[in-house]
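K.L.:
Below are the structure tokens for one structure; questions will follow.
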């Protein structure tokens with residue numbers, strides 16, 4: 001439906017208020033109708049759920065959301081629980097490494113694939129296939145590989161290299177890096193695809209200009225192409241970031257939080273207490289704490305990225 | 001007057017003389033340092049990626065005793081395919097012992113509509129956000145991105161209640177709605193950033209020709225979004241095909257996806273797991289997304305090439 | 001005298017498609033060469049070969065006497081300006097100009113000196129702190145030229161730099177490029193499909209078709225003495241009139257059009273004296289060279305024609321008529337008011353026209 | 001919503017096999033392994049033979065964390081299943097209180113289950129305000145110490161008959177390079193303290209801690225011995241000797257790589273699948289050979305209230321299933337395969353193996369409430385976290401363990 005043309009608006013002429021209202025509702029009417037599902041999802045689901053979560057985290061509801069108000073009791077218990085505090089520090093450590101390595105390896109592999117090499121399709125599928133397999137079993141395979149007796153370390157020692165130690169899976173200080181190995185194996189492929197799409201979107205003449213300017217290829221990638229891929233990088237960071245915050249399947253399949261609670265993560269705490277322990281209030285309190293930290297990071301960054309300047313990024 | 005790079009200080013080496021008589025295409029030896037570096041990094045990357053698959057495939061062709069006593073990296077001594085057959089046709093998933101097959105078509109029934117609906121809505125969102133910016137559209141988008149960080153387990157009960165009020169709980173529509181909701185943040189971001197990278201003149205020219213919101217979307221924007229459409233498809237098909245929780249809770253018993261059978265085979269808490277059947281079952285379940293990746297590889301390149309030409 | 005750029009027996013094929021075939025071209029120091037031709041004639045490909053962005057399949061390229069066939073673009077002493085300007089979007093104008101120099105680790109003051117000099121020449125000093133997205137098309141193009149300027153290159157390469165601009169801006173920038181050439185006296189190779197740019201800018205024009213240079217000459221020669229039918233038809237708008245017929249050689253050479261009209265061509269400067277026999281040929285005459293009314297009488301050949309369509313163009317009027325069964329267009333002063341259907345006397349001096357051999361389509 | 005257009009015909013007398021119209025009854029459970037599936041198949045067989053209805057199986061693996069969210073979501077979503085299995089315990093308490101579970105008291109009275117139920121305490125978690133809402137169908141007990149005859153032959157010592165003898169044999173085992181205590185990663189450690197509590201602590205301590213939640217009992221000397229036993233186990237177990245799944249421990253015991261392990265009676269299923277024969281390849285010590293009562297819990301069946309408009313034939317099918325699940329024939333067939341103890345006293349268990357016979361003798365002295373049975377899931381989860389943490393982190397002393405155990409019991413509800 002074509003938009004309100006200028007003449008119609010002027011003919012209306014019933015004072016600035018109606019024009020103001022018309023401006024809010026009728027301008028871009030079709031855009032608003034088209035974006036209605038998004039707005040509904042945002043308001044009802046995301047905002048609604050967050051309020052629901054926060055509300056019931058102040059109650060003592062157990063299996064069903066029905067308990068009565070108990071103030072900050074759940075939070076006091078949460079902060080007193082060592083497993084929760086360890087989970088948060090684990091997530092920060094794992095998250096930092098996972099974000100940096102995924103983005104760096106993703107970009108490096110995308111650059112390699114962008115070099116018009118042979119068998120590109122084969123290489124791309126090899127890097128992407130882990131993304132397709134459900135993590136329950138692939139986690140088990142990694143568990144085998146990194147298991148001190150069954151896996152790499154045991155085999156190497158049998159082959160005579162007795163000094164070889166690779167016991168990260170069962171070593172409390174190193175288990176997070178064992179998670180990282182399996183996590184990168186599963187996640188880097190998709191980030192590479194995303195970045196390759198970004199690289200291929202760059203205008204060919206930029207490359208020619210840089211070559212004529214005598215700028216070496218690696219420098220062109222870093223100083224010219226990378227800043228141009230801002231949109232793709234933002235998408236990748238949000239994708240990897242949300243994967244880190246919601247980390248659950250990888251931990252359950254690979255270490256189940258062990259050894260001890262050395263690889264516990266917040267989402268596992270939320271899931272265990274909401275369903276396993278039938279105490280949704282405690283689970284929701286944990287989830288609210290997670291959302292709070294995310295909000296503190298996201299809101300200022302999003303304001304800077306989308307809202308603030310309002311110009312087309 | 002000119003300041004071309006001075007000839008390298010070393011005496012005129014052999015390559016210098018050759019350069020003087022240079023003719024035709026520059027001779028590129030087969031082993032340039034650049035190629036060596038590229039292919040060696042790719043080689044080690046492939047080793048890292050393929051190693052678990054090697055273990056999975058060899059294990060899936062071994063018999064249980066051979067797995068229990070043998071070394072997991074050793075290839076199968078007497079390979080048998082019965083684990084695969086069992087996984088597809090006769091592995092026990094609770095009372096019924098029909099392997100993965102019963103759930104296959106249910107998974108297809110869930111994945112195809114969910115993928116298409118979620119991608120379409122996200123594409124419209126991305127398009128509206130970039131080209132038809134209206135009051136508050138950026139705030140909605142920020143909350144949407146924030147939404148992608150909420151652990152999905154937390155939203156289970158509210159979504160159950162929402163779908164119950166809509167009267168679609170326990171039907172295909174419920175699972176399609178849930179996947180559309182969970183896919184929306186990332187997919188909208190994908191499309192939004194992609195449309196932002198298209199030259200703005202395209203959109204302005206269409207507006208000048210009097211094309212409305214939907215005509216521009218279908219006739220100009222959508223055809224150009226093939227590369228990002230492929231990326232979105234890879235993301236959604238993988239996510240939905242491998243999903244267990246939403247399929248089981250929202251789709252209703254008659255639509256249990258294949259992941260329920262897989263989970264029952266692989267994740268039986270009490271009994272002793274049959275590792276070869278588990279491996280075979282996982283690879284079988286993963287086949288559909290894998291085929292999509294390989295096919296999308298071609299689309300991917302052609303789409304991208306089309307995209308690049310526009311520059 | 002050493003050539004600034006010389007291309008020897010250059011050919012290039014993509015797979016088995018032959019794009020350039022055994023091409024030779026010598027460009028003198030400080031010369032402004034324009035590669036003109038329809039899209040797909042290989043002019044951009046040739047430019048990319050000179051720049052080193054494309055590997056040639058055979059042949060050699062010399063710049064300032066140095067064989068650069070295997071050299072990287074940066075070592076060829078060339079600068080290039082692209083159709084889409086190809087500025088680095090995330091960098092300010094100042095950084096766009098200086099980035100190449102800083103990568104080559106040039107001292108800071110030398111970099112600043114060059115940037116200052118270039119931005120003065122191109123009057124882009126106030127724009128130095130802005131980002132490309134904030135500049136107009138014309139400004140962006142000047143910054144693109146500046147990028148080559150700061151590197152003090154021997155040869156400037158332009159790849160259809162003005163085709164993205166609107167008409168008025170195009171003529172402004174055309175004048176600027178000409179002024180730049182006069183001031184810097186660098187060799188410049190300019191690719192375009194717009195003949196006005198070619199005629200106004202070039203010292204010499206190379207008309208190209210299917211990877212082969214049809215003619216390489218100064219604009220005046222190209223305009224008045226096209227070597228073949230293709231070049232004649234390509235240059236000039238409205239394009240040249242063509243009359244098909246037969247050339248009768250001998251002491252009194254005469255051109256007999258298909259319908260029998262006889263046109264004495266004694267005044268025509270033949271490349272090779274006609275040998276008396278009859279040759280099937282095409283007589284070409286430019287609309288601007290056709291005299292109308294009184295002036296036609298003085299011409300060696302004049303005839304009555306009936307005007308079919310009149311197109312007033314402001315400064316003058318264009319008329320479409322029929323001569324010897326083929327259309328004939330001519331340009332008349334706007335004072336002579338012509339009406340459709342009016343018969344008028346027209347005439348022209350074949351000496352200013354061209355005659356081509358139909359078989360070889362080459363000039364006779 | 002399930003829509004069946006079937007004329008409602010009152011079912012003829014109970015156990016009549018000629019039900020006029022067959023209805024489909026969906027049953028959810030998490031018995032997905034080979035042994036368990038065979039056992040639940042018995043229930044289905046008996047149900048379909050005797051009632052003509054069809055048992056629609058929807059198995060969901062993952063025990064508590066895996067299946068609970070689905071079962072609860074389906075019920076509150078208004079698309080409940082016909083019947084569902086859950087741990088006998090307080091998981092479903094709230095569902096009962098919210099009136100979502102069907103009242104089975106009249107069926108119980110009709111069959112006057114008090115006569116044949118082996119232990120009334122089993123029904124406690126199912127009763128709410130005097131009404132019964134679930135039927136326990138078996139008894140599983142964690143109270144088992146499994147010992148490897150091969151390991152003890154190798155070190156030339158007789159197979160221990162009590163916990164103390166077993167601990168005494170550890171040094172000799174370690175010299176021979178045999179793992180004194182085999183353990184799998186994850187949840188299996190959670191059951192061990194309960195077994196030590198009943199074996200070393202004795203029945204009074206179990207009742208005091210699990211039932212009465214008496215904090216002083218936890219701080220008392222007997223419980224300290226339990227904590228020290230846990231510390232002893234911790235000293236011989238290290239992360240890199242732990243195996244991925246508890247069935248692997250079963251293999252270690254049969255192969256003599258591990259000397260012993262504390263695990264529930266369902267381990268027997270795997271020992272038999274791997275070809276182990278009780279008495280020859282492995283020994284079983286109920287209640288660590290030191291107590292004459294077993295702690296136990298088990299599985300129970302709940303019947304969600306079906307939405308109105310569900311065809312009465314399905315309601316009838318629910319009632320019949322409830323009766324059949326605790327009928328002698330079904331109980332015998334199911335428990336033999338499952339390796340758990342039936343809830344009926346009048347079941348002839350001569351075919352049960354030696355270990356099961358030992359358990360049945362102890363069962364006559366009455367059942368002690370195990371943790372799963374008496375404590376809320378929330379408390380159980382906190383105890384499991386504590387035990388996993390204690391096992392994995394040597395810096396937590398026995399005193400810390402006792403103190404934190406006490407604080408958890410203190411806030412237990």
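Each position is counted from 1, following the chain as shown.
Glycine is no exception: its Cβ is also placed from the backbone N, Cα and C atoms.
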K.L.:
Under TrEMBL, the annotation transmembrane segment belongs to which of these stretches: B:36-57, B:58-79?
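P.N.:
It is B:36-57 that TrEMBL describes as transmembrane segment.
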K.L.:
Six or more residues beyond either end and a Cβ under 8 Å away: which residues meet both conditions relative to the transmembrane segment (B:172-195)?
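P.N.:
109-110, 113-115, 117-119, 121-123, 125-127, 129-131, 141, 144-145, 147-148, 152, 159, 163, 166, 221, 225, 227-228, 231-232, 235-236, 239-240, 243, 246-247, 250-252, 255.
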K.L.:
Using Cβ atoms and a strict cutoff of less than 8 Å, what residues sit near the transmembrane segment (B:216-241) while being 6 or more residues removed from its termini?
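P.N.:
Non-local partners: 107, 110-111, 114-115, 118-119, 122-124, 127, 131, 179, 182-183, 186-187, 190-191, 194-195, 198, 202-203, 206-207, 257, 259, 285, 288-289, 292-293, 296, 299-300, 302-304, 306-307, 310.
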K.L.:
Cβ under 8 Å to the transmembrane segment (B:139-160), counting only same-chain residues 6 or more beyond its ends: which ones?
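P.N.:
Same-chain contacts beyond the flanks: 125, 129, 169, 178, 181-182, 184-186, 188-189, 192, 245-246, 249-250.
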K.L.:
Residues sitting near the transmembrane segment (B:36-57): Cβ under 8 Å, six or more positions beyond its termini, same chain?
P.N.:
72-73, 279, 282-283
